[in-house]
Every structure is written in structure tokens, then in C-alpha cells.
Amino acid sequence: MKHVFPTYNRFPVDIVKGNGTVVKDATGKTYLDFTSGIAVCNLGHCPENVTEAIQSQLANIWHTSNLYECALQDSVAELITDGTDKLVFFCNSGTEANEAALKLARKYTGKEKIITFEKSFHGRTFGSMSATGQAKIHQGFGRLVPGFTYVPYNDIESFKTELDENTAAVMLEVIQGEGGVIPGNAAWLMEVQMLCKKAGALLIIDEVQTGLGRTGTLFGFQQTFLDPDIFTLAKGLGNGLPIGAMVGKEHLSSAFGPGSHGSTFGGNKLALAAAKEILLTMKQTGFLEEVNAKAAYFRNLLEEHFEQLENVVAIRGEGFLIGIELGSSAAPVVTELRDKGLLILTAGPNILRILPPLTVSYAEIDQAISILKSVLEKQLIGSE
């Protein structure tokens, strides 16, 4: 790619077509996509009902800006908040949603200090990059936005040491996806929430990767019955169309009046048409129950076939956000899997990250397990 900045280490594959879990490259080779576009295409590629909703909106109007009323924004916001005391700000991506959350927290509390966690990932714009607890993400960009403090994840004593009356907010992921697929301990998450309330700090949960059914509930924080002051969405909210959302408790709106924040494209009708259909699908009776059944089936097979392998250190995650920690580099495994027709990701040097569409079939799960088995067992033999 001669005319594009080299900001990505791209795989040598050009995906040109997709349907459900299956994608096809420019040479005609097909793959099982167990990346979902990095947890984006939760309903698979080109789901018929979402495609129809987009096509219908395309024929009417795409963009009007936020100068005008938008019934579609209100409709999607209602589906997200589902009768709770929350309001929504629409934007175009996860990093923008997190920027909005950080701005709201500081403006509402009048405080600057924000606690985040080591190995976290919240985005690459300056505010969300500053919130990210990874030095490699910060390198080369000069002075970060001040006021951020990073503490070890799942470590309540370190957290207690940093939390004080000057803390505006605490920002966390219930599963650190980019940081190695590290689930937050349920008791730790609950205690963090309790301590935030006691200190008067807002709790912000970054649901960009864990939201929209990925962990088996509509939002990942519902796994542990948390009640965040603010949470953020993107990725699966548009199933490939650019949309993000910052969701906050209604009383916070006193700090976010006209002129306090904005977005030219945020909440555009085309992305919202997709989001509405996606949310309606996920809220259908039995949808998430089926996701959980398939995820349990997949997890059982992973543990049955791979836990005993010498090179497999751990299998962890929730729902269809799964990490396999290896005793060696993950990159060669990902390459060989791709050659055999299975696309997965890494989450660090030795972590395989597996993110199939929520609509994956049992037969596709079986096929993926077969490919994984052939490659991981071969890697084990090769290391002996």
C-alpha cells in the first residue's frame, strides 16, 4: 500500500466480500472470520436485516448534522438506556466516546485526577491515549494530558492507595481486551464501585470491546451487576458502520449543555439506522441465550482439546471474547491459522484472541476447533 501511512502491520490479505462468519479475499480464498473485524461485526458480515435498514436509509437522507431534531437518535438512545436514568451522546468511534466520558467526568466533578489501570486500552486520540495504561502507546508523542494515574488491574490495595477526594473518575474495562484478555475479578469490580461511591468519584466503564453481546450480556458490566455512572460503546454498535456512544446518568447532564461537546458526524442517520436494527436484533427473545449456549459449547471444546497441551498456559475470557495464553509467541500460530483458513488475533506477544461473530454456527465452531487443533498440536511437536 504505497499511498497510505504505515500505521498498521497489515496481514497480506485483501478481504473483499463477507457473509456471516465467512469472508473471501481478492484471490477467491475463503476464511472463517473469528476476529469479527476486532469485535465489530457481532452479527456477522452483511446481516440481511441490517443491510436492508442501511439501504432504506440510503434512499432517504444520510446526514443532517446535530443542528436539528433527530427522532432516530432518540429511538436508538432509548434502546441503549432501556428505561434507566441515563442519557446518550453519539459520536463515531470508541476513542471519541471515551474522550466524551473523560470530559464529562472532569467538567461535572470539577476535579482533574482520573485513575485507570495498567495494560488498559482506551484509544489513540490524546485524551484516551493518556488514559491508556501502556507505555508503548504513549511513546514519541511528548507530554500526555496531565492528571492520569495508572494502577495494577485486579489489585484492590493499590487502588485504595490512589483513590482520594481529588479523584474525578475511575475508568476501567471489565475485561482488558488489548491488554491480554484479562477479566476483572467480580469481587474486585464490586469493591471498586463501592469505593468510588464512597470517595465521590465517577465510575466509567469502557464497553467498546465488551459491549453489545460480546460477553453474553448486552453490556459486559451486567455480568457483575455493576451500575456505572458512565459507560462507552462503539464497535458492535454499528457492526462495521462508524458509530460510538457515551452513556451517562441523567443528573450528569447539568455539565454537558449546548457548546460543551459536539460531533459533526456523530449520530448520523445512516449509522443510526444500522444501530437500531442491531439493538432490536440483540433484544429479541432468546438471542443472548443462544449466544451463551454457543459460547459455552466453544469454551468447553477449547478446554477439552487444548488445556492439556504443554504450550497452552491458560484459557480465559467471557462469552465470545476468549484469550489463549501460550508459552511461546502467538504470531506464528496466527499466520499458520490464516493459511489454513481461520482468522484470529493476538492480544500481546503470546496471547491468541478469539472473537467470532455472535451468530457463528455450531458447525463453524467445530471447523475452527479442528483448524486450531491441527495448528497448536503441530506447533507443540515443532517445539519439542
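The backbone N, Cα and C atoms fix where each Cβ goes, glycine too.
Record features (Swiss-Prot):
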BINDING   Gly94, Thr95, Phe121, Asp206, Glu207, Val208, Gln209, Thr264  pyridoxal 5'-phosphate binding site
BINDING   Arg124, Ser263  N(2)-acetyl-L-ornithine binding site
MOD_RES   Lys235  N6-(pyridoxal phosphate)lysine
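Features recorded in Swiss-Prot, as mapped to the structure shown.
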residue: Gly94; record: pyridoxal 5'-phosphate binding site; contacts (Cβ under 8 Å, 6+ apart): His122, Gly123, Ser128, Asp206, Val208, Gln209, Thr232, Leu233, Ala234, Lys235, Gly244
residue: Thr95; record: pyridoxal 5'-phosphate binding site; contacts (Cβ under 8 Å, 6+ apart): His122, Gly123, Arg124, Thr125, Ser128, Gly244
residue: Glu207; record: pyridoxal 5'-phosphate binding site; contacts (Cβ under 8 Å, 6+ apart): Glu173, Val174, Phe219, Gly220, Phe221, Phe231, Thr232, Leu233
residue: Ser263; record: N(2)-acetyl-L-ornithine binding site; contacts (Cβ under 8 Å, 6+ apart): Asn66, Phe90, Cys91, Asn92, Glu96
residue: Thr264; record: pyridoxal 5'-phosphate binding site; contacts (Cβ under 8 Å, 6+ apart): Ser65
If H, G and I count as helix, E and B as strand, and all else as coil, what does DSSP give for Asp206 (pyridoxal 5'-phosphate binding site)? strand
Local Cβ density at Asp206 (pyridoxal 5'-phosphate binding site) - other Cβ atoms counted within 10 Å: 32
Among residues Gly94, Thr95, Phe121, Asp206, Glu207, Val208, Gln209, Thr264 annotated as binding pyridoxal 5'-phosphate, what is the maximum Cα-Cα distance? Answer in Å. 25
Of the recorded positions listed (Arg124, Lys235), the greatest number of other CB atoms within 10 A surrounds the CB of Lys235
Under 8 Å Cβ to Cβ from Phe121 (pyridoxal 5'-phosphate binding site), same chain, six or more residues apart: give me those in sequence order, or none if nothing qualifies. Thr132, Gln134, Ile137, Glu173, Gln176, Gly177, Glu178, Gly179
Which secondary structure state does DSSP assign to Lys235 (N6-(pyridoxal phosphate)lysine), in the simple three-class scheme? helix
Quick one: among the binding-site residues Val208, Gln209, which has the most Cβ atoms sitting within 10 Å of its own Cβ? Val208
